[in-house]
């Protein structure tokens, strides 16, 4: 039997070079994996922090930075509180309107308005202009109110029949708040505002009597151009050729200022043609007054004798140099369709009712003049 302790001790061989290299590679790979895990963790933590901050900023943007959360569609619940005026600009989109209403305190968020705008099939009919809205409105209620005619504050310029160009511009200044100088500047270039060449640069008679609905951004030039374009359109609709436009407007303006009743206009148109044919002076007080810039009721015999006034139709034969006012459609139509007759005189015998009598002889005319004098005596 052999004693184990008699065996020689076991000898450990040193690791080979290949083994040592493999161990180093494994340790390096382990360290690299650890570094990757640490970097990944850092990136994840950074993203969490940035994302959290971004989420906070987005949800608190309106209070922190002064603009609306782009993802929010918060809305008021009520139908509105206090009246507020809002201007919807031309070519505004639903988003543009929403932002305008947010700034005015009407709706809570532009996104809520856009959502309501898209949900309403009539929203595309909302027109630019000035509106009276209410603060703190539900977005859908705001869309409905913008579509209601009662909410739109339309700026209207009404040009009455018989107004002179100066009176029209004076009213336009009053209605729009624009200055006299702005309108004068617009009219300094007649061609730019569409005044036809046959007008000879004279705007008188070319501002058609009508009610014009003005847009918020209408300039003085736009307003002037619209009135002229309306005149041209109406003359064209009656088949009046460009070469005849000015003459028609001149005659119609005389009728507009002289005629007291609608039924008198065709008769007066014929009487004017009869006097022109006979080469008689027209003897129209309204023209004399226009040339002097004074009311017709203040015309004197000296005014009628004044040859310096080119609009003095007591001293100058034929038509005046231009229109004396803006004629309406009835006066223009009377020029085109005068009532057949041989009248050459007319006179209003009752200044309250405007009753006018026409005659074809001087004695008959004088009888009607005496009738007028009697009325004036009875109505001092």
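These residue numbers are counts, starting from 1, taken along the chain as shown.
Any Cβ shown, glycine's included, is placed from N, Cα and C.
Among the ranges 21-39, 40-58, 59-77, the stretch that TrEMBL annotates as transmembrane segment is 40-58. Range with TrEMBL annotation region 'Disordered', chosen from 1-34, 103-136, is 1-34. The Cβ of residue 258 (site 'Important for catalytic activity') has 268, 284, 285, 286, 346 as same-chain neighbours under 8 Å, each 6 or more residues away in sequence.
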